[in-house]
Amino acid sequence: MKNEPTSYVNQIGNTYRLRTRGIGKYGIVLAFIALCIILSVMTPRFLTVANLVNIFTQVSINALLAFGVTFVIITGGIDLSIGSMVAVAGVVAALFAHPDTYPVIVPILMGLLAGLALGALNGFVITRTKVPPFIVTLGTMTIGRGLALILSKGRPVSNLSDSFNFIGGGQLFGIPMPILILIIAFAVCSILLKKTVIGRYMYAVGGNELAAEASGIRLNKVKMVVYTLCGGLAGLAGIVLTSRITTGQPNAGAGFELDAIAAAIIGGTSTSGGVGTIMGTLIGALLIGVISNGLDLMNVTSYYQQVVMGVIIIGAVVLDSLSQTKK
Amino acid sequence: MQETYSYFIHINDTLRMSQSQEYILDVRGLSKTFSGIKALDNVQLAVRKGEVHALMGENGAGKSTFMKILIGLLKPDSGDIFFEGAPLQVKNVHDSLKKGISMIHQEILMVPELTVAQNIFLGRETTRFMPGWLDDQTIYRKANEILTQMGVSLDVRTPMKYLSVAEMQMVEIAKAISNDAKVIIMDEPTSAISDKEVATLFSIINDLTKKGVAIIYISHKMDEIFTIADTITVLRDGRYIATHSATELDTNRLISLMVGREIDSLFPDAVELGGQEAISVKNLGRKGSFSGISFTVKAGEILGMAGLMGAGRTEIARAIFGLDRFDEGEIAVNGNLVSITCPQDAMQHGIGYVSEDRKALGFIPNMTVKENITLGNLSNYTQGLFIQQKQEAKIASEVAENLRIKTHTLDQKVANLSGGNQQKVVIGKVLLASPRIIILDEPTRGIDIGAKSEIYKLIRQLTASGIAVIMISSELPELVGMSNRILVLSEGKQTTILSKQEATQETIMAHAMPH
């Protein structure tokens, strides 16, 4: 008897939640489709194969970073150092990618390793010291930028082998390599998050850390995996970027972390943890890409583009907080 | 002589051996200190295979801390735990679950976004194809079996957040019993479920004990304890008091073991004041929290408010102070009906509130004593945009002197004061608004005994100046010692108002226990 009022209140809460959740979940897809329709009407150049391929290629690097940071945000953390990791991984890969030195697999592995190592460093410090991830990764962001400058002696690392430059500039079956890499990363990350135990633990840790701990989940292990993974994806993004611009730039990737976090948040990943999908993040990244592409086509200056982007990020978070259940 | 001596040692050893075989869980000399306060002091507990062992004690007796140590959520400072005769080393919950100890947590611990089945098997997922690949099909099937066995009809694919509290509690129970544990700790497992579900739980417990599973059962509900428990261990103030077979005890005897403290001269004598009615509350109710609350408090009187955790004491205080809305009933101040919808309303009518959660709601730790005291009434000491520093300092030092706040300077950060002095700062802040009615919610929680008596003197000082006090406390001696009358709550309902003569710890407990 005593529980009746509670469940009654809960029911009201549920309908409310379901409704706002609907907006939060599908709103971004609807917004994306609406935007594409508007752009195709306004500029005939938008809906062409060449332009769409162009958008996807441009989006690929941000999407790779955003997938990694989605894992981190789902566990309730944040990673600000991914932009710097792009530079470190790019420079490291470039150093091993000069023509007639090593086979192309070596620079790829070294670049990935650089990202994984920096990610593991983040994870290690965060789990051992309990310093908030925001602070730790703010520190490694600066450390990473310094490392990239040290390793490259402050100069762009150029003269890279053709096989290495194929990663970012080549095509397979008529599809640009960055898009292929994006598709594979998307599939792997989606499966990891939805179909594996570690993915389940990511949601659990971010959804209710105490409950996860009380269920026997080792929090430190999960966090370690997540930050290392995020670093690895940043390393991959660094390799693709370096190959595309055919140089290892120590200053590359500055500010990329913000675009990646924005893509995750626009795609419905909750900054309070426990909620988010790789699909959502991909749509978030595409939305950012389409907006800047569309505004480019309509000859809007990049100054205005930034304003529009900011408005969209805040709008997405407002939707997110509306669909939050907690008062 | 020598012979006999070693003979005794031998007997002792055999005795201990047989004991540790008989007891599946044997805890000795367990202690735990939180920032200087002893939560557990040399506690012991011995649980046999297949028995229901009730762990009893007042709020704050240390039961939950004790259980969190057993499950690996907290680390003890010292003490030995033997599990199945061998020393038990658990670094985390993962270890204890593996060993066969699981727990139903009082605060329902669930991941809201995951489904019922995913929560039940969280940390113990079944996999297929390859290591790490989730097999949710099996998880759903198994979860469905368990819930069906328990007689709970729930869609195992529903995300946890859409469940009612009662349903969540049943899932929490399902989770603990699905682990094939040898010892299951149940911390208030029935706080949110109905009688029918309690019956289900009890039949589950019976099945488990027949299989040799030991249950450690924590509950405030006396009838439950005497229905289900074989053995009862009582803790008080973090110390071990006694272990008895349930048949040796009755409710009264158990309650006196639980409260058993002598009231000393800690409490200054009450001042008799035939004051006027300061506040009267009629039939106050808030859906899901409390209902039918009616009382009056005269000027200079202390009305104590007693009840177990979750009985609705703080909720009533919050409603009177305008922090929460109430759905029914009325409040009159000085005989005039008032409308209170926010704390500003309450303050205007002369009501002040000192929260139970001093650290979260009472003060700002990094601000100074002076700044904290004047924070609520800063507009009185400002001119235009500027704070009148001299006036502010004068008022603050007056308050500090009146309340005997011990601080080197008024510019000391409140974070650096002792608990008792922090509480005085909070009271000082409330007093600056010159209230006629003050609600004190757990005014001495976490304060050492010396500072407590200071706070008691201060409360008497307030009543002597004609302020009406409503004092909420979980410490029965304090309620009995200070109050003119005591209102007792049980599960959101007012069960009685005891006069000074009627009020003893035993009578309060008897009225506070849910039946």
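Glycine residues also receive a Cβ, built from the backbone N, Cα and C atoms like all the rest.
All annotation found in TrEMBL is predicted automatically rather than curated by experts.
Quick look at what TrEMBL lists:
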TRANSMEM  A:26-47  transmembrane segment
TRANSMEM  A:53-73  transmembrane segment
TRANSMEM  A:80-98  transmembrane segment
TRANSMEM  A:104-127  transmembrane segment
TRANSMEM  A:134-152  transmembrane segment
TRANSMEM  A:172-193  transmembrane segment
TRANSMEM  A:224-241  transmembrane segment
TRANSMEM  A:261-291  transmembrane segment
TRANSMEM  A:303-322  transmembrane segment
Chain residues outside the transmembrane segment (A:134-152) and at least six past its termini with a C-beta under 8 angstroms from it: 78-81, 83-85, 87-88, 90-92, 94-95, 118, 121-122, 125-126, 248, 250-252, 254, 257
Contact between the transmembrane segment (A:80-98) and the transmembrane segment (A:224-241) (3 or more Cβ pairs under 8 Å, separation 6+): yes
Same-chain residues at least 6 beyond the ends of the transmembrane segment (A:53-73) whose Cβ lies under 8 Å from its Cβ atoms: 79, 82-83, 86, 133, 176, 178-179, 181-182, 185-186, 189, 193, 202, 206, 226-227, 229-234, 236-237, 240-241, 244, 256-257, 259-261, 263-265, 267, 269-271, 273, 276-278, 281-282, 284-286, 288-290, 293
Feature contact check the transmembrane segment (A:303-322) with the transmembrane segment (A:172-193), CB under 8 Å, 3 or more pairs: no
Outside the transmembrane segment (A:104-127), six or more residues from its ends: residues with CB under 8 Å to it: 77, 79, 81, 84-85, 88-90, 92-97, 133, 136-137, 140, 144, 161, 163-164, 166-167, 219-220, 223-236, 238-239, 242
Sequence-remote partners of the transmembrane segment (A:261-291) [C-beta within less than 8 Å, at least six residues beyond its ends]: 24-25, 28-29, 31-32, 35-36, 39, 55-56, 58-59, 62-63, 66-67, 69-70, 73-78, 186, 189-190, 193-194, 203-208, 305, 308-309, 312-313, 316-317, 320, 324
